[in-house]
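Database features (TrEMBL):
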- 32-142: region 'Disordered' (REGION)
- 49-66: compositional bias 'Low complexity' (COMPBIAS)
- 73-87: compositional bias 'Low complexity' (COMPBIAS)
- 120-135: compositional bias 'Gly residues' (COMPBIAS)
- 207-502: domain 'CDC20/Fizzy WD40' (DOMAIN)
- 335-376: repeat 'WD' (REPEAT)
- 471-503: repeat 'WD' (REPEAT)
Amino acid sequence: MSQFNYIQDLQNIITLDGELTKGPAPRWQKKLDISSAAQAQAVPPGTLSGKTPSKKAGGSGSKTTPGKGGKGQSSSSAQKQQQPSGGDRFIPNRNTTDFDLGHYMVKQNEGKSKENEGSDGSGEEGGGTSGGASGSGSPKNAERMKMLAEAVKGCDISNRRILSYQTKAPAAPDGHMNPLKVVYSVKTPMSTKSGSRFIPNAPERILDAPDIINDYYLNLMDWSADNVVAVALGSSVYLWNAASGNIEVLYENEGSDHACALGWIQEGHILAVGTSTGTVELWDCEAMKRLRVMDGQSGRVGVLAWNSFIVCSGSRDGSIINHDVRSRDHNVATLRGHTQEVCGLKWSTDGKHLASGGNDNMVNVWSAANGAPHTTTTPLHAFNQHQAAVRALAWCPWQPHTLATGGGTADRCIKFWNVNNGQLINSVDTKSQVCGLLFSKNYKELISAHGYINNQLTIWKYPSMTRQVDLLGHTGRVLQIAMSPDGSTVMSAGADETLRLWNCFTPDPLLTKKEKSATREKPSLLKQSIR
C-alpha cells in the first residue's frame, strides 16, 4: 500500500491541472476575504453615528488598542503632545470628518441636478404638467429640507466641508531647505526689489605700507589717470604701477622732513608734493626729477587739489594758495577762510567751485573767478554744522552742485549740500569717524572710509543713503581712499600699514554690452566723400 501512496503523491506533483490544496492562499483570495470582512463591518449610510465606516458602532470612541488600559492611553497622548512638529510627511487625522453628512450632501447635490434636468425636459414636452412634477423642487420645499437638515445636524450644512482635518500640516524641521522653493516661489526676491548687486566683501589684493604716518590731517596717497599710485611711506615717496606691478622710489628725504600731501595732475605724469616745511614740489614721474619748488606758506602743506594748471595747497596756518604752475610768480590768490589747519580740498567736476574743510569744523565753498581755474578770495558759502574737523570731501559727478562732507570723531556725520542755494540736503549719522568720501563713476553710490570702532569702508545707495555693505579687514583706521581711473577699484590706506584694493564698483557686463551695441561707430569722412 505504501508503494501505491508514493505513486499517487508523485502523480499529484507532476499534474498541473488540479487544484492546489496546500500552501498559502492566493492573493485574489486574500483581497476577497478582506473586502467581505470590511463590508460586514461597514455602517449603513442611513445611520448618523459620526464614526468612520471602519469603526464599530458600539465602540466607546476611545483610541486605545485592545489590551491597553487608561494609563497607557494618557501616556501615549502625552507623548504625542510632546513630539515636535515636523517630519518627512504629513499623516492627516480624520476624526472631525463626518462621512454620513458628506454622503448626504453628495446625494443631495446629485438629486438637485437630476431634478433640474427633469424639469427642463418636461417643459419642452408640455408646460401644463410640469407644475405638479416640480413641486418637490419648489423653493418652499427646499427651505423645509434645509431646516430639517440643520435641526438634525445642529449646524448650517452649507458651510460644512465634506472632508476636514483636525490639524494643519506641521512646519518643516529646523534647517530643512526645500530645493524647489526657488522654482515655485511667487514672491519677488529682495535683491530684485532693492536693486542690490553683488559686492565682494574681501579685498582683491593687499600691499604692505610700512612706516605710513598715522595722521588724520595728511593726504598720503593718490591714483593718477595713467594708473600709477603714489604713496608716501616715512620719508620716501613710492610709485606703484597698477597695470604692471612695478614699484619705484621717486625720492627720499634726508633728516626729519617728509611728504604730507600728494596730488596728481588731472592728465599727465606730474605729481605735486606738499612737504612738512611748507613748500609744494612738482615732480616729473617719467623723468624721475623735480621740476620746481613753490613756497608761500609757513606751516606744513597737508592737502592738494588740481584744476587744470592751477594747484591749490592747504596749510596748517589756515591759508589756501592757488599756484599757477606755468608762471614764475606762481601765487595767484591766497584764501584765508579757516582759523586752523586746512585738511580737505576738492574741486567740483565742472571746475566751478572749490570746497575746503578744516580743523575749525568749517566747510567753505569758493567760486571760480570769472571762469578762470583759480578762485576768488571771498567764500561763496560757509557751513558750520559739523561738530568736528572736516577732512572728507566729495563732489557728485552727475550733480555738480551737490557736495558731500564728512566729520571727525566728535561729529561722525555725512552731510550733503546744495552749493547753488547753500542749503543742507541731508545728514546721515555713520556712528564712526569719517576719514574719506568718494562717489562712484559706474553706479549711483557713495563709499566712505571710517575709523574707530570697525575701521571699515561702507558703500551707500545715493540719494537714499541705504547702507549696501561694510568692507571689513583693516585693523587700524582707514587714513585715505583713492579710486582707479576706470572707477571700478578703490584703494584704501590704513593705519595698520596695509594698502587694500577693493573691486567694489565693477561695471555690470550686461549693461556694458548694451551700451557698446547701442553706440555705433560714425562713418569716416573719407568714406562719405567717395561716391
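For all residues, glycine too, the Cβ spot is worked out from N, Cα and C.
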Which bits of the chain, at least 6 residues beyond where the repeat 'WD' (471-503) starts or stops, bring a Cβ under 8 A of a Cβ in it? 200-212, 214-216, 218-227, 229, 231, 242, 433, 435-436, 438, 440-442, 447, 449-452, 454-459
The repeat 'WD' (471-503) - residue tally per DSSP class, helix then strand then coil: 0 helix, 17 strand, 16 coil
For the repeat 'WD' (335-376), what is the mean per-residue pLDDT, to the nearest integer? 94
Across the repeat 'WD' (335-376), what are the DSSP residue counts per state (helix, strand, coil)? 0 helix, 20 strand, 22 coil
